[in-house]
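Comments concern the structure below.
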Amino acid sequence: MFEFLDFERYDLLGAFWTTVQLTFWSAIGSLIWGTVLAAMRVSPVPVMRAFGTVYVHLFRNIPLTLVIIACAQGLYMALRFSLGGDRPPEIYFRLAILGFIAYTATFVCEALRSGINTVPLGQAEAARALGLRFDQVLTLVVLPQAFRSVVAPLANVLIALTKNTTVAAAIGVAEAALLMKEMIENEAQLFLIAGIFAFGFILLTLPTGLLLGWVSKRVAVKR
Amino acid sequence: MSASSNSPSVLYDAPGPRARVRNAVMAIVFGALLVVLIGWVVMLLDDAGHLTAAKWSPFVTDSRVWTTYLLPGLMTTLKAAFFAIVIALPLGAILGVARLSDHWWIRAPAGAIVEFFRAIPVLLLMLFANEAYAMFTDVARENRPLYAVVTGLVLYNASVLAEVVRAGILSLPRGQSDAAQAIGMRKNQTMRFVLLPQAVTAMLPALVTQLVVIVKDTALGGAVFGLYDLLRQTTLISANYGANIIASMTVVALIYIVLNFLLTSFASWLEGRIRRGKRGTGAVVATDPGELLELETPPKPAPDIRTSGTAGPIDPSGPTLSGEAGNQP
């Protein structure tokens with residue numbers, strides 16, 4: 001019954017490992033870029049605020065699939081922009097991460113901004129009364145508290161990102177969804193194969209949700 | 001909030017002379033960086049020959065680009081999104097009400113179904129549906145992509161909408177079901193005549209926002225299954241109008257942006273209208289289903305940070321944790 005599970009032919013663990021890697025690098029990148037975007041959107045410099053707003057509204061409304069395909073066909077095929085990769089599989093892997101970061105950062109930014117709004121007014125006022133500059137108010141007082149209140153929303157973004165990495169199949173990155181496509185086309189056990197991949201993703205997303213849910217309760221600012 | 005009235009934000013003071021100079025320097029440096037970046041991209045595009053008039057002018061001069069490719073593509077995208085939400089909504093309503101049932105043997109399976117389909121990438125559901133249609137049905141080959149995409153979207157979004165429906169029902173003040181019980185309504189009647197009708201109003205904005213997510217997800221059909229949707233047209237246009245892939249992707253991206261921006265604006269307008277409305281309870285499900293997914297105990301009628309006196313918002317234009325703007329990633 002399980003003879004279709006030919007690990008020589010189908011690299012199941014390798015595919016899910018690629019999914020994990022895509023998620024990991026995209027998560028780190030979008031956390032950083034999203035924080036920068038959020039800082040821009042609340043900054044005193046109008047050009048930065050405008051850039052942040054326009055960026056978020058543009059990228060949040062484009063389908064992720066289009067972003068990823070634009071990375072492959074636009075950046076690489078048309079412009080020969082390869083992010084330092086040598087061969088196509090590696091190049092597409094890196095470009096996919098770039099696309100995920102560009103897209104996911106907008107959601108990190110919006111989550112963070114909502115977190116900034118949970119910090120009581122008095123905190124920022126007290127910080128200003130001490131004579132702190134904008135960057136000090138933000139990095140020393142407001143953002144640390146904001147981060148603690150948005151662990152749960154950020155966990156949702158991370159789980160969505162894990163699922164979204166399957167879109168990389170559209171440009172041929174050898175991750176889980178692409179392998180599933182290949183397997184259900186070649187083998188007869190549709191339900192078993194689909195079940196295995198579904199189980200794989202539940203295994204990836206469920207602990208993330210539980211762990212970060214626990215973390216979010218632990219670090220929440222008691223008010 | 002007198003503090004925020006004389007300064008644009010509470011995060012920084014009204015700039016004095018030194019801060020003004022600092023801000024100006026930052027603005028100039030950042031602006032220069034942006035210009036350099038844009039200039040570099042333009043240079044790359046120009047070197048690769050993607051800025052020639054021949055690649056961009058068809059979108060203005062040749063109406064066939066629109067009538068043969070873009071508009072039919074847009075119609076297919078909208079058709080898939082429309083079918084998906086129309087089929088997913090009743091399924092979601094059933095699942096959502098089932099999760100609120102008093103009987104564990106209804107509640108538990110409904111909960112399991114919802115959690116299962118929400119944990120799985122929608123692309124996997126589409127792949128599964130596509131293969132299932134090929135193996136077990138005689139859906140014509142050329143119709144299969146649409147069927148697969150709609151089925152995948154329905155399976156996923158029914159679960160998401162179940163949570164929206166549940167949150168919508170729970171967002172209603174307790175007095176509504178108390179009053180219904182007091183006049184002798186059965187549980188079934190309370191749900192059908194009192195709670196559900198009001199919940200539908202409360203969840204309208206979240207529903208429109210979910211439509212944005214659905215529209216974006218239909219693009220998977222174009223990329224993976226060969227559905228002739230809006231995204232797919234970039235390849236077709238590029239093949240027929242001299243490899244103008246950059247130009248066609250830009251135009252298609254703009255169409256998606258305008259469409260989704262209109263939907264999002266409509267959702268916020270609806271939400272504001274319901275929140276302020278004189279009729280009804282003013283209960284509304286925040287337009288961010290992503291937030292709802294987290295809450296094990298569904299949200300109380302949002303303790304709106306904006307109106308509570310103890311904690312004012314730092315960024316009055318920003319989203320609140322109850323999620324006034326934004327859709328799911």
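Glycine is no exception: its Cβ is also placed from the backbone N, Cα and C atoms.
Remember, predicted model here, so these are calculated numbers, not experimental data.
Noted in TrEMBL for the protein shown:
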type	residues	note
TRANSMEM	B:24-45	transmembrane segment
DOMAIN	B:74-267	domain 'ABC transmembrane type-1'
TRANSMEM	B:80-98	transmembrane segment
TRANSMEM	B:110-129	transmembrane segment
TRANSMEM	B:149-172	transmembrane segment
TRANSMEM	B:193-215	transmembrane segment
TRANSMEM	B:245-270	transmembrane segment
REGION	B:288-329	region 'Disordered'
Interface check, the transmembrane segment (B:193-215) with the transmembrane segment (B:24-45), three or more C-beta pairs under 8 A:
no
Contact set, same chain, for the transmembrane segment (B:80-98): CB under 8 Å, 6 or more residues outside the stretch:
106-107, 109-110, 113-114, 146, 149-150, 153-154, 157-166, 168-169, 191, 196, 207, 210-211, 214-215, 218, 221, 227, 229
Outside the transmembrane segment (B:245-270), six or more residues from its ends: residues with CB under 8 Å to it:
45, 50, 55-56, 59, 70, 73-74, 204-206, 208-209, 211-212, 215-216, 219, 230-231, 233-235, 237-238, 287, 324-325, 327
